[in-house]
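Q: So TrEMBL lists the following for this protein:
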| type | residues | note |
| --- | --- | --- |
| TRANSMEM | 29-49 | transmembrane segment |
| TRANSMEM | 90-109 | transmembrane segment |
| TRANSMEM | 116-137 | transmembrane segment |
| TRANSMEM | 149-167 | transmembrane segment |
| TRANSMEM | 179-200 | transmembrane segment |
| TRANSMEM | 212-232 | transmembrane segment |
| TRANSMEM | 244-264 | transmembrane segment |
| TRANSMEM | 270-287 | transmembrane segment |
Amino acid sequence: MLSLFICGTAVTSQYLAEQYQVNTPMFQSFINYSLLLLVYTTMLAFRTGGDSLLQILKQRWWKYIFLGLADVEANYMIVKAYQYTTLTSVQLLDCFGIPVLMALSWFILRARYRLIHFIAVAVCLLGVGTMVGADILAGRQDSEGSDVVIGDVLVLLGASLYAISNVSEEYIVKNLSRVEFLGMVGLFGTIISGLQLAILEHKDIMKIQWNWKIALLFIVFALCMFGLYSFMPVVIKVTSATSVNLGILTADLYSLFFGLFLFYYKFSGLYILSFVVIMVGFILYCSTPTQTAEPTTVPQPRSAGLDNAALKLDENDSETPAVTVQFTRGESVVVSTD
């Protein structure tokens, strides 16, 4: 379902760019963050107690500024990279976020992987390579952009920022709450994307020749992105950020299936093969749960020892009355306290 949401955002963005020459990634992100603000930040505003909006801002406001900045810039860099490099490069280099995500999960979330997890990731990346090969054979690699190096660097930076955002998301939804994550991302994402929009894209927005079709495409994009942001924390909470990112590798395949009818892509049997390979890797990864390393603690002595026992006796003497037990010849027991 998450892959279908991503597919919806990709198809609507491509349709806006190709049919109506509308290329406003920051404006589209701003609409999504505004929806998150309207729904989830409002929910936080009506809360009371320690998890209210005011308390969250007092305790963790600066952390959410960095999270919002990472999320906004990750979205912007990936979309911007298409202007400089090829679709093939973006698809390949975007996978760089998965090893970065695993490394961050290892150190921050204390996740511990087994051999089967690394094999599963390798299988998924093999599926992505198969898909890229199918793109090349089908002639979808596109012409090289104006500066391939800049585009590739933007993809690597965007993938790394996505990894930071996803690891933070996993920590927040598992230790705090889903509403807090979405509400804070909506709040600071709206502010940051709004400022960047006013600086970079205000002229592009003024050039849009608005009609009902363009408005409908913007609405569909916003709803798909809102659904993606709303449901991804649910999936991450019951699985992990790494497994989610492996699963959504299939989004490019769904985009292809829509592109066959909308953009007249050429079909290749390698697309089906890549889909199967990615799903096999995803199932392998989910077949064995990851482990979480326990925090190291100072080992406690197994016995108190003579000195500690004597110390405890001294402490007990000062707190509890002494007890004297006497036995008489008549087998009776007399207990007296001093």
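The backbone N, Cα and C atoms fix where each Cβ goes, glycine too.
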Q: Which sequence positions outside the transmembrane segment (244-264), separated from its termini by at least 6 residues, show Cβ-Cβ distances below 8 Å to it?
A: 2-4, 6-7, 10-11, 14-15, 18, 91, 95, 97-98, 101, 120-121, 124, 127-128, 131, 166, 232, 235-236, 271, 274-275, 278-279, 281-282, 285
Q: When each of 116-137, 179-200, 212-232, 270-287 is checked against the transmembrane segment (29-49) for Cβ pairs under 8 Å, which one has the most?
A: 179-200
